[in-house]
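Copied from Swiss-Prot, the annotated features are:
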| type | residues | note |
| --- | --- | --- |
| BINDING | Ser51, Thr52, Arg53, Thr54, Gln78, Arg102, His129, Pro130, Val131, Gln132, Cys261, Leu262, Arg289 | carbamoyl phosphate binding site |
| BINDING | Asn157, Asp221, Ser225, Met226 | L-ornithine binding site |
Amino acid sequence: MRHFLTLNDFSKAEILEILSLADKIKKETKNKKYEPYLKNQTLAMIFEKSSTRTRVSFETGIYQLGGQGLFLSSRDIQLGRGEPIKDTARVISSMVDMAMLRVYKQSDLVEFAKFSSVPVINGLSDDLHPVQLMADYMTIKEIANGETIAYIGDGNNMSNSWLMLASILGLELHIATPKGYEPNKNFINIAKENAKISGAKILLTHNPKEAIEGANVVATDTWISMGQEDEKERKVKDFESFCVNKNLMSLACKDAILLHCLPAYRGYEVSDKVFESHARDIFLEAENRLHAQKGIMVWLDAHRND
C-alpha cells in the first residue's frame, strides 16, 4: 500500500503518472462528466491546522469522485494527546477508505501512516506540502513557457517541497532566502542526492535578484506561517528585500508566471500590483489543488495492493 507523505517517496515516472491522471480527471470535470472512481468511499479529513483551500478541495474532490468526506477538526480529535496516534490510526482507518491529515509534525503523519490500514495523504505539515507542489507543477505544465523556477521567501515547508519536486523531476530551481532562513538541511541534502540522478540544477542564495533572473516561474509564500505570529515584527524586517514587487519581477522572463499557495499578505511577500497582474496564474494554481488531489486519491486507490 502506498501513502502520499512526501514527494521523495515517488519516482519521476510516478509523479508524472499521477499528474497525467489528474489532467484527465480535470478535463472530465470541465465537461461535467463525473466518473465515480471512488464510489461509496469515505475520506477522513483530519485538521490540526485549519485551511480554506485544503478542506474545500478535498471535500469537493472526494464528492465528485463518488465518495464522501468526513471532517475532523482539532476539537474532534487530538493527535497524540490522550490516545496514542497509533491507536487513533487503527480506529479511524478501520472505518474509512482513505485519510488526509493537515498537521504540525511530519512525524505524526509518519506514525499515523505506519499503523493505518488505508492510504494516508499529507495535506500539509510544518516540513512539507506535497499536494500543493503537485498543483503547482500541474499549473506550470498548463501555462508556463519554461521550467526554470525561482522561489523567493522563507525556507519553510514550501521551499522544502520545491527542493523535492525539482530534484526528482530534474528541474532548475533557484531558492532565495534571508540569512538564517534557509530550507531544512535534511531536505537540501536529499535534493543534492536526487539531483545526481535527475540532473536537476539547484541554486541556494541570499540574493533574490540572483535567484529570479531569467526565471519562467516565480513562487513565493507567506513569511509568517500559522503559529509564528509572534515572529512577525522580526521577520518583516529580515525579509524586507524579498517582496516580489514590480522591480524584482522585472528580472524574471517577460512572460514569467507567479505562484502563491495562499493566503497572500499583499505588501509583504508580494506587492498588490504584482499579485493582481498575475491573478490568473495564482487562482488557476488554487483551482488545480482540486484536480491534482483527485489524481492523487484515485492513484492511491489503484495502488492499495502495492
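Quick reminder: no glycine exception, Cβ is built from N, Cα and C everywhere.
Positions of the features from Swiss-Prot, shown on the structure.
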residue: Ser51; record: carbamoyl phosphate binding site; Cβ contacts under 8 Å, 6 or more apart: Arg102, Gly123, Leu124
residue: Arg53; record: carbamoyl phosphate binding site; Cβ contacts under 8 Å, 6 or more apart: Cys261, Leu262, Ala286, Arg289
residue: Gln78; record: carbamoyl phosphate binding site; Cβ contacts under 8 Å, 6 or more apart: none
residue: His129; record: carbamoyl phosphate binding site; Cβ contacts under 8 Å, 6 or more apart: Asn122, Asn157, Met158, Ser161, Cys261
residue: Val131; record: carbamoyl phosphate binding site; Cβ contacts under 8 Å, 6 or more apart: Phe4, Thr54, Ile121, Asn122, Gly123, Leu124, Arg289, Ala292, Gln293, Ile296
residue: Asp221; record: L-ornithine binding site; Cβ contacts under 8 Å, 6 or more apart: Gly153, Asp154, Asn156, Met158, Ser159, His260, Cys261, Glu269
residue: Ser225; record: L-ornithine binding site; Cβ contacts under 8 Å, 6 or more apart: Asp126, Asp154, Asn156, Asn157
Cβ packing number for Cys261 (carbamoyl phosphate binding site), 10 Å threshold: 23
Site extent for carbamoyl phosphate (largest Cα pair distance over Ser51, Thr52, Arg53, Thr54, Gln78, Arg102, His129, Pro130, Val131, Gln132, Cys261, Leu262, Arg289, Å): 26
Around the Cβ of Asn157 (L-ornithine binding site), the count of other Cβ atoms that are within 10 Å: 25
In three-state DSSP terms, the structure that Val131 (carbamoyl phosphate binding site) belongs to: helix
